[in-house]
Amino acid sequence: MVSMSSSDGVNVAIPPYHFLHVLDNNTNVTRLVSGPATFFRKSNEKIIKLPQRMITVTIKEYCIISNPVKKDDNGDIVMDEFCQASLTYGDVEYRFAQPPFPLYPGEEIMKEVTSLTVLAQNKALLLSALINFKSEDGVDRVAGEQWLFEGPGVYRPRKEVEVLSARTAEMISPNSALFVRALMDFKDRDGQKRVYGEEWLVKSVGAYMVGAYEERVDVIEAYNLDEKRALHVKAKRTHVDNFGKRRKHGEEWLITHLDTESHIPSVNEEVVQVVSPIVLASNNYCIICDPVNEEGVPRIGKKLLVRGEKAFFLMPGEDLDDGIMDVYVLGQSDGIILRALEKHGEEWLITHLDTESHIPSVNEEVVQVVSPIVLASNNYCIICDPVNEEGVPRIGKKLLVRGEKAFFLMPGEDLDDGIMDVYVLGQSDGIILRALESFQDGNAARTAGEEWMLTGPLEYVPPIEVEVVTVRKAIPLDENEGIYVRDKRSGQVRAVIGSTYLLNQDEELWPKKLSPAVEKILRANKDPQGERADYRKRGGDGEEEEWDPTRVITYRVPHNAAVHIYDYKGKKSRVVFGPERVMLGPDEEFTLLSLSGGKPKRTNIIKTICLLLGPDFCTDVLVVETADHARLSIQLSYNWQFQVSIKPTQEEATKLFSQPDFVGDFCKTIAARVRGIVASVNFDQFHKNSASLIRQSVFGTDPDDKIGDILLFPQNNLVVTSVDVQAVEPVDQRTRDALQKSVQLAIEITSNSQEASARQEAERLDQEARGKLERQRIKDEAKAEEARRGLLELQVELAALESTGQAKAEAQSRVEAALISTQAEVKKARLEAEAEKIKTDAELERLKLAREAELDYIQKKGHLNLECKMRDVEIETAYFLKRVQALGAENLRHIACAGPERDVRMLRALNLKSTLITDGRSPVNLLDATTGLIGQARSTVHVRQSDDEVTATEPIDEDGYMVRRISLDDMPYVHIYPFVSLPHHPSAAAFSTVGMCPAD
């Protein structure tokens, strides 16, 4: 809290356990002021640190102070000659649990209050000495020395020690060991000297704290050994193993379960692998290469045959030759070929006839396990180099074997083309044969190289002397299909069309070769009318049909088109008009048309064999030059067609194909005519009359200067019917710019003239408006003067009337004000009366509605109560009725008559004729008592039955009951009601049903 004072300056309240620093500006000495106190600052003092809480360190905490104050032997603060606390600059002080303390001027807290490090069991800190000192336990520490502070305990840091790291004890479980390496020369926990780099195993079970100069390398687990696991170990260096045997560097040995149940490799041992046993069943065997002797030394180059049942481990250096092998069990259809590895390499075959199973000896080599050759009834094979009865191969011989049969190939025998199927020929099949050597084929003598054909149906197995050239099937052909057949003897080619045909041994299919362009057109199979523009698409030929050059080439000529075919052998041609199907003979070719295309027209763009007869159109772009040397680019479109009669002659049809590129020819002709007529006129004239000039140049004029209608080319009867000018633009850029500039100038001139006309018209209208405005201004000034004169006259009259009119006006205004006030009061009273009337009517209407609502509510409530009562009476009636029916008439009669009969019997027993019993407080009317005691009385009573009041006259008996006869289910009943007087209605009585009994 800091408060201001006018006389003493600033005064500061210092709470308990707080402090502040004050600087004396005169002596430049800073002093400490501790609370609780109130500090009054002098004019020469300055508070450089406001009140702060003292530092509190509990028993489990510490802090670090830099530049601590000096203390004497008694623990008091050392002051210098200026009464300022002396500091140890550059030093630090660890402060532990103590009363709250302040920071003297110059002291700084280097580390805030921090909890002390608590080490649990199996925890430690690795410490290093920064300087030489003597520890609290009296041990002299040298700078750089390292040691462990192990838990459990609380570590109190000090300035001479540095904490390098925290460590946790390594847990060594059974069948494991800790691999440790020495970082320098020292003595371990057991007092054993260790040198730098030394490695050893710690096998004691439990927690092991790695020392300050020890390094944990790894935890090594023990290998559990049993009948199925063994350990292949290699020595890293010469040493004595765990079994007391000296091992040399690089030596390998095997440790099995017979040696130990579990093994932890030492630091001098390396585990090569965990070895599994070799398990041989009764039908297994193996060959061990380089087996070891009794001393464990491998016998290089030796082999050992081991047959099952048996299980063993391979010793280091031993290996299996081809692993575990099965005993060769030979069935009735099996055999085995063996080769002797020693002596001469003889091969032989062992079958089931020799033995049921065979284990090759170390001097035998199994070449292969042979499966039998099984031939079905439709199979056969040819054996090359068959063996004779003595097992000697007959080199160069062959043997035909046909099924059904099963046999083994002897060593040296081989099959020629494997197992083959018997040739089964149908009725439309044939087989062509060739004799490999001369032989007698039944009644026919066959010579080597002779070919002949057999037709089906038959089943054929070729003998050894015969070679099957090919098997042919009949080719089915439709009436629009055919094939090209060539006779191999004469070389003649013919077309077979419209019938199934089987080639004989002297015939073969002949592939017809076409030019690449024609073949491409036929492969593409495009519509020449709908897809004629596809030449513009690069690589857009689409999918091609399957092409068979041996088939007769057919082409569908579309409608209004023609195809030209030339027979090179007969030197004659023919033209086919569509729609028609064309079938080429062996020596016929299509005439290829190479037409111009594109804009402008370029040659050899469109390749086709079909000539379209039109009408059709084409577009061309040509460059012309006018008489004034203006070069123009004109795009023209022509409509054309061929003039062909209905039944054209051969000469007329041939004329259609007289020009291979009729498009390019007529486009060039028309372009020449157009250039000629354009060159004779200047640009302006051509620009104005371009269409008529072009039509005139194309179609010409008659003697009457009338432009013609068509242009006929008599060479091929081509007719151009119309020309359309689609675009005209200059070619030269300067001409194009000049034309554009002239057009812009014309537009500018037109716009300028229109602007000038508009400006002139605007000026004229402005002058007229100004004249009208000036005339109007003069008239307005005249009118203003006239009005000013009238104003002066009115001002004079007003001054005259002002004196008399003011009094009149004041009086008149007072009268009017009174009149207005009176009318306002009257209107106010009338409105108040109307408002009161409206309020009264509204209140009456509200009360009326409230009364009506209340009446309606009461009425509805009464109806609801009435309905409830009616329902209660109905329920009660039904209840009593059911009770009466349940009790029965006889029981009801006895119940109803029991009371009166009892009273009668009592009175009779007392022999009393009349009796009056009173309590002495109630008055008794003796005058009327006789009426109640004597006889029966008939009176009119109100009876409520089913919530309806009825008037009934019934006799009342002496017991106060009214008995009423009723009929239920056609049976007479007596209805009995007790009599109760109604206090509010002396002449009325209420009855409630007591019971019913039969009338008899």
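Heads up, the Cβ atoms here are built off N, Cα and C, so glycines get one too.
What TrEMBL records for 784-850 is coiled coil. Positions annotated as compositional bias 'Basic and acidic residues' by TrEMBL: 525-541, 758-780. For 54-113, 117-158, 172-208, 223-265, 278-324, 373-419, 423-463, 474-531, 552-613, the entry in TrEMBL reads domain 'Major vault protein repeat'. Residues or ranges marked as domain 'Major vault protein shoulder' by TrEMBL: 614-732. Annotated region 'Disordered' per TrEMBL: 525-545, 754-780, in sequence order. The repeat 'MVP' feature in TrEMBL is assigned to 60-120, 121-173, 174-226, 227-281, 283-331, 332-376, 378-426, 427-478.
By the count of Cβ pairs under 8 Å, the stretch nearest in packing to the domain 'Major vault protein repeat' (423-463) among 54-113, 278-324, 474-531 is 474-531. Averaged over the repeat 'MVP' (60-120), the predicted model has a pLDDT of 90. Residue counts for the repeat 'MVP' (283-331) under DSSP, helix first, then strand, then coil, are 0 helix, 22 strand, 27 coil. Helix, strand and coil counts from DSSP across the repeat 'MVP' (174-226) read 0 helix, 29 strand, 24 coil. Residues of the same chain lying 6 or more positions beyond the ends of the domain 'Major vault protein repeat' (117-158) and with a Cβ under 8 Å from any Cβ of it are 60, 62, 94, 96, 164-169, 207, 209, 211-213. Here the domain 'Major vault protein repeat' (474-531) has, by DSSP, the following mix of helix, strand and coil residues: 9 helix, 16 strand, 33 coil. The residues of the repeat 'MVP' (121-173), classed with DSSP into helix (H, G, I), strand (E, B) and coil, number 0 helix, 30 strand, 23 coil.
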